[in-house]
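Below is one structure, written out as structure tokens; the observations come after it.
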Amino acid sequence: MATSVQTGKAKQLTLLGFFAITASMVMAVYEYPTFATSGFSLVFFLLLGGILWFIPVGLCAAEMATVDGWEEGGVFAWVSNTLGPRWGFAAISFGYLQIAIGFIPMLYFVLGALSYILKWPALNEDPITKTIAALIILWALALTQFGGTKYTARIAKVGFFAGILLPAFILIALAAIYLHSGAPVAIEMDSKTFFPDFSKVGTLVVFVAFILSYMGVEASATHVNEMSNPGRDYPLAMLLLMVAAICLSSVGGLSIAMVIPGNEINLSAGVMQTFTVLMSHVAPEIEWTVRVISALLLLGVLAEIASWIVGPSRGMYVTAQKNLLPAAFAKMNKNGVPVTLVISQLVITSIALIILTNTGGGNNMSFLIALALTVVIYLCAYFMLFIGYIVLVLKHPDLKRTFNIPGGKGVKLVVAIVGLLTSIMAFIVSFLPPDNIQGDSTDMYVELLVVSFLVVLALPFILYAVHDRKGKANTGVTLEPINSQNAPKGHFFLHPRARSPHYIVMNDKKH
């Protein structure tokens, strides 16, 4: 049976050090068009999600991650130890499954960029063309990862700087020049438009995109154990991350919102739309650079998708290690890639992609359903995280931990309940059709989302119920936790949701 090796970690991670290894999560360029559809109120949504959801998740996860014996294993360990192994298995499964669906909006963004580069609109508009192209890209990227992940983190680092950070900086700079020139602005930015119109429920649906942008912080919580002064530095690091996310996402989203009217924003290609308008206004003689920027964005998101293919499956591998999955899922190739888990995830992605792209028309509705489905699946894991934390506070107050949410039991419960209620609110509004989906499409939106969610929701519980867990998974594999001292180069440029939590050690070789 696979085993886990505990490695000593020097407690030398500072506030800025922790911020640096977590900061990659605040850049979400492919979500900017969705943010922009809410106009100036996107700032309100970012503040709401940051204060009422991101901070509670970060604080609750950090305390659970520092309980003696729970330092490794993440959500699986925390939920298993508070609610039981069935729920722990479900929680980590939802984290694995949401990645499978989360690939779809990212692939749509890639196709949007590629359609601009090749001047081939059908690639972003025709469902069949879109489906075939997305499947080819997905499986081609997967093939690059089956050979091992030795260079994945380095590729992600280059992709982050050249394909995400640089285009985002150019977008913001062009938008600033556009605004300074006195060009017409598509939105109003004042105290009235700061708040969304709460009388229109459809306007609140976009909140799910903002929640998605904050998801994944719990994956970095284990590094709290490496901090020299977690009680002081960790809450400050969370505040810094929230401020950085709000500032960058606000500027990025508003750069699109003030240039493209909300009802004209293409969620897959909105960034390229914006670059086209900005460049034609600021420097029409070099409008060809839009295709260069599109290529950078394309490479950035391709690198991101590639880096997400193996990491979550390695995280899920801990369940195969504990024989909560059939033995076939414990299979590793010679390069340390859990091939059955990876292929299973990509098969789910492929099936969902085919259904959503062709049933939803391959347009904004497909993008929105994929986005909402990703969020509601992941929220199921967060429900368990918050409930597990409440159980920890009420039933296990004496368990030793190195970080405590300051303020005592009452404050801890308030933080967890606020996070849980915000999760429930986001979950409910996810099933409401957005304002830009009208007529018969609203019924199709709800039906597709509900049916898809129920199918995915049932998978972990069915698998847990039918699998005989009495045997042992004889894998001959050792898991060595990754920390800030032994992490591979470029590891922390990956989004926390995409990082492998441990090395795979086989035949004395570390992968």
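If you go along the chain as it appears here, the first residue is 1 and each next one adds 1.
Cβ atoms here come from the backbone N, Cα and C positions, even for glycine.
Relative to the membrane, T37 and P433 are annotated in Swiss-Prot as lying on a common side. Between the transmembrane segment (338-359) and the stretches 41-64, 127-147, 230-259, 444-467, Cβ pairs under 8 Å are most numerous for 127-147. In this chain, the transmembrane segment (86-112) touches the transmembrane segment (289-322); three or more CB pairs sit within less than 8 A of each other, excluding pairs fewer than 6 residues apart. The stretch from 86-112, 230-259, 363-396, 444-467 that makes the most Cβ contacts under 8 Å with the transmembrane segment (152-180) is 230-259. Across 41-64, 86-112, 127-147, 230-259, 444-467, stretch 86-112 shows the highest tally of CB pairs under 8 A with the transmembrane segment (363-396). Using the rule of three or more Cβ pairs under 8 Å, pairs at least 6 apart in sequence, the transmembrane segment (41-64) is not in contact with the transmembrane segment (127-147). Taken residue by residue, the topological domain 'Cytoplasmic' (148-151) breaks down under DSSP into 0 helix, 0 strand, 4 coil. Across the topological domain 'Periplasmic' (260-288), the model assigns an average pLDDT of 90.
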